[in-house]
Amino acid sequence: MAGVGSTLVRISVAGIAILFFVGYKNYRDLSAPGKRPDLDTEAYWGPGDKALYKENKAILPFDISVDPAIITDLKGQLSRPLKLQEPLEGVGFQYGFNSKELRNVVKYWRDTYLNKWSEREEYLKKFEHFQTEIQGLKMHFIHAKPTKTTGKKVLPLLLMHGWPGTVREFYDFIPLLTTPNDKSDYVFEVIAPSLPGYGWSQGSSKTGLGVAQVSVIMRNLMLRLGFQKYVIQGGDWGSLIGSNLASLFPENVLAYHSNMCSNNSPMGSIQLILASIFPSYFLDSQHAHFYKGAGDLFAHILEEMGYAHIQATKPDTVGSALVDNPVGLAAYIIEKFSTWTNPAFRNLEDGGLTKRFTYDQLLDNIMIYYVTNSITTSMRLYSESMNKSQLGLNVDSVPIQAKAGCAHFLHELAHTSDKQLANKFPNLIHTTHYTDGGHFPAFELPETLYADFTAFIKKAALV
């Protein structure tokens with residue numbers, strides 16, 4: 001019996017050793033830096049045959065003026081009787097856009113906003129707009145240069161928005177970046193493009209234009225403009241496109257700053273699960289309330305991420321429902337500026353929309369989608385980025401070597417701790433937490449985002 005017992009002990013020890021070895025090997029494999037995929041930096045995304053395409057490399061001023069006939073037609077559409085279902089009693093925005101508030105928005109849009117459209121249009125023209133062709137697509141961008149540079153260090157900045165935003169989010173943020181002040185040694189030359197398929201930028205005619213491929217377009221745009229090295233700032237898709245660019249082309253990126261840092265590598269995903277089970281190991285107790293546990297995270301996904309699923313699977317279906325449907329378009333988009341700004345706003349009948357934004361701001365953003373007919377093409381980015389071929393590139397496992405900074409605004413959709421970010425951002429030098437703000441800080445709290453961004457740039461000591 002003793003011999004049998006010792007044999008069982010040896011087998012058990014051997015089994016544990018094998019499990020340890022396999023687990024360690026898998027951990028090493030998962031945490032090992034990924035290899036940069038070999039992407040075609042000249043891939044053609046325009047219509048028809050690439051062989052028949054000759055790229056116009058000219059950088060041309062772009063007029064964003066809207067045909068008055070479109071405004072007249074829009075006012076006519078908004079004048080039709082609204083056949084909205086009354087909300088349930090005692091309900092705010094929990095079921096989506098409250099129809100009582102939607103009536104207020106539509107009335108303001110029709111009777112006030114459109115009557116001063118010429119004023120709003122001039123406001124949207126306050127920056128210089130340009131267009132150039134990149135890989136078969138007519139790309140729109142704002143180019144804002146510093147007002148003065150004397151005694152200041154000038155850095156080029158690639159500033160990128162996400163969905164359901166546009167470059168309109170940056171109209172209060174850009175002047176802070178380009179105007180010198182006593183609080184920062186830096187001013188910035190800002191390039192703020194409309195993402196492909198968003199606003200005035202042409203959408204792809206080919207399948208496969210995901211975040212990695214968009215990052216190539218953004219790099220080519222910056223090279224076209226003469227910028228070999230630059231800083232990146234972005235949230236939402238802008239954050240993911242920026243992180244892809246920084247991973248794929250480290251030679252071009254001076255620094256990376258985001259208000260929505262994430263780590264979607266295999267190791268990052270495992271750590272996300274572990275952090276929800278063992279939060280004390282991953283999270284600073286001072287900021288633990290920023291990070292959702294497993295239960296809250298699952299509930300949050302069910303409540304707020306349904307749009308992403310349909311846009312990742314059937315973007316053209318929902319797009320067709322919103323095209324030439326201004327009321328539906330406004331409801332679908334503006335609702336995000338309620339619950340994504342502060343989840344508590346869903347309990348309010350008006351969604352808290354004007355607590356942080358004005359109707360003019362929100363409708364400026366809607367108008368860009370409407371007059372450019374870009375809602376469908378904007379949503380296709382979800383389908384092209386959330387699929388096997390895009391995930392198979394494994395860009396998320398390629399570390400970002402540039403110095404990085406992450407700003408956490410309390411009501412952001414999700415937060416990722418420094419420990420979870422470590423294998424993606426080995427040079428994370430700046431992390432901050434703000435007890436206010438949500439998903440759109442450049443739009444909502446531009447001064448706070450500016451202060452955070454310039455504090456990061458100072459730490460990065462860029463010259």
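Cβ atoms are placed via backbone N, Cα and C, with glycine included.
Any TrEMBL annotation is an automated prediction that lacks curation.
According to TrEMBL, the feature transmembrane segment maps to 7-24. What TrEMBL lists as domain 'Epoxide hydrolase N-terminal' is 60-170. What TrEMBL records for ASP236 is active site, nucleophile. Taken from TrEMBL, the feature active site, proton donor applies to TYR382. Look at TrEMBL and you will find HIS439 tagged as active site, proton acceptor.
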For HIS439 (active site, proton acceptor), the number of other Cβ atoms found within 10 Å of its own Cβ: 23
The residue listed as 'active site, nucleophile' and TYR382 (active site, proton donor), distance between Cα atoms, whole Å: 12
Cβ neighbours of ASP236 (active site, nucleophile) where a neighbour is any other Cβ within 10 Å: 23
Neighbour count (Cβ, 10 Å) for TYR382 (active site, proton donor): 20
ASP236 (active site, nucleophile) and HIS439 (active site, proton acceptor), Cα-Cα, nearest whole angstrom: 8
Secondary structure content of the domain 'Epoxide hydrolase N-terminal' (60-170), with strand meaning DSSP E or B: 41 helix, 24 strand, 46 coil
